[in-house]
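What TrEMBL records for 10-249 is domain 'PPM-type phosphatase'. Per TrEMBL, the feature transmembrane segment maps to 277-299. Marked as region 'Disordered' by TrEMBL: 305-339. The compositional bias 'Basic and acidic residues' annotation in TrEMBL covers 318-339. The domain 'LysM' annotation in TrEMBL covers 347-390, 394-438.
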Amino acid sequence: MGKEHSLTIKYKSISLIGSKARHNQDAYAEFQIPGGYGFAICDGINGKEGGGAIASKMAIESIKRQFRNTQFKNPQKALTNALTLANFQLHDHVQKNERFKGMGASCGIVLVIEELVYYAYIGNVRFYILRDNTIYRLTRDHTKAQTALAQNKINEEKLESDPGFYIADRALGFDKDVNFSVCKQPISMEEHDMLLLTSDGLFKELTENQIAEVVNDPDASVDFMATNLAQKADQAGASDNITLTLMHVFDPEKVPFTPETGEKTEIVEGKKGIPRAVWIVLGVIGLVALLYGISEIAFNHERVTTEQKPQKSVVDTQPKDTIKPARTKDLTKKKEKEPQGVKPEFIPYKIEKGDNFYRLGIRFNVTVQLLEKVNNVQAKRLRLGQRIRIPVKAIHKVEKGEMLSTIAEKYHTPVKDILKANKLDDADRLSEGMLLNIPLQYDDKISE
């Protein structure tokens, strides 16, 4: 990953029935996969005669079984296969039992593999990331209200007050052919990121700002923050189950060493004391060392006295110009060679549905803070249709016969970064006269 230390995560999952709920219809799973960890949360939906708890447990067991028994190279395909199989099994169960008609489950899956985070979901299980004191929602609910908004039947202002805001219109088990969402690009983890996968019981009771306030505590453990989140939602009068998995990204090399409980540590017990014979031996050794030290001091004092004058004459006869002041010149030369930084160009951009500074930052290799600074707007205050500026390294006009690898080499930018910034599937789609946005690199120094 190009980092000095590899990042890892601490995590905590918790599930509460909710103070006003009668049964827990949520289920969650934590499982290991090659190179990392997997997490899943399912929120059961009742059919004609209940069955929500059965649905969530069936889906969770199917997901765990799929990842436990299958080796994969492509995480997005693995997520697709896991949700497809879970839907098939749940839908098949519903079709064979008339009393479970309408039963299903919202579901979210997160895979953390070698500092990259992949996710997929259906229904209204949400996935958040808290980075640099700002919370971002990476999912869009599959609910009746969200569908009405997409069809222009309601506007953005009435979305949260709509009766269908928490009612899933897509879920595992509803239909034979399932339509779910899978991340197009993985998220690169950064130290101190907080990742949150949660059922709707949490965000029904707490706003996103309230959630951010709880998890934005550098002195609290992930266990404490996860428990605190669930309890605050419960105390707010939870009418639904509350299930969440909280993940904290950290650098293990920077964490102070703490001995494990089972670690062997030698302890000297004060009551037993040191044997008398040992004290006698130590006393003799100490006395010999003291006598030797005194004689050595006397000898050195005599030697210094006799050699003081010759030593002084030697020092005085050394030419003064032997002291070399060249270091300051060398340092000055180094400073002159330091790079002046990249002066970015700016491309205009119109905020579309699903856009936020975090996603744009991933696409163009810039930080949220830089986007906020150049646009003089906070990330959380972005609006649909708003026009902003995005900094890039350069805007390149493709010449006849020019290859993307040549362009990438010219700007010292990876081919995959140029493809990502310009939403190109492959390098063969270049045409003469095409304008390519050359993205910055995260380690570029930006000149003002």
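Just so it is clear, glycine is given a Cβ too, placed from its N, Cα and C backbone atoms.
Those TrEMBL annotations? Automatic predictions, nothing curated.
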The domain 'PPM-type phosphatase' (10-249) [mean pLDDT, rounded to integer]: 94
Summary of DSSP states over the domain 'LysM' (347-390), given as helix, strand and coil counts: 19 helix, 8 strand, 17 coil
Secondary structure content, the domain 'LysM' (394-438) (per DSSP, counts of residues): 17 helix, 8 strand, 20 coil
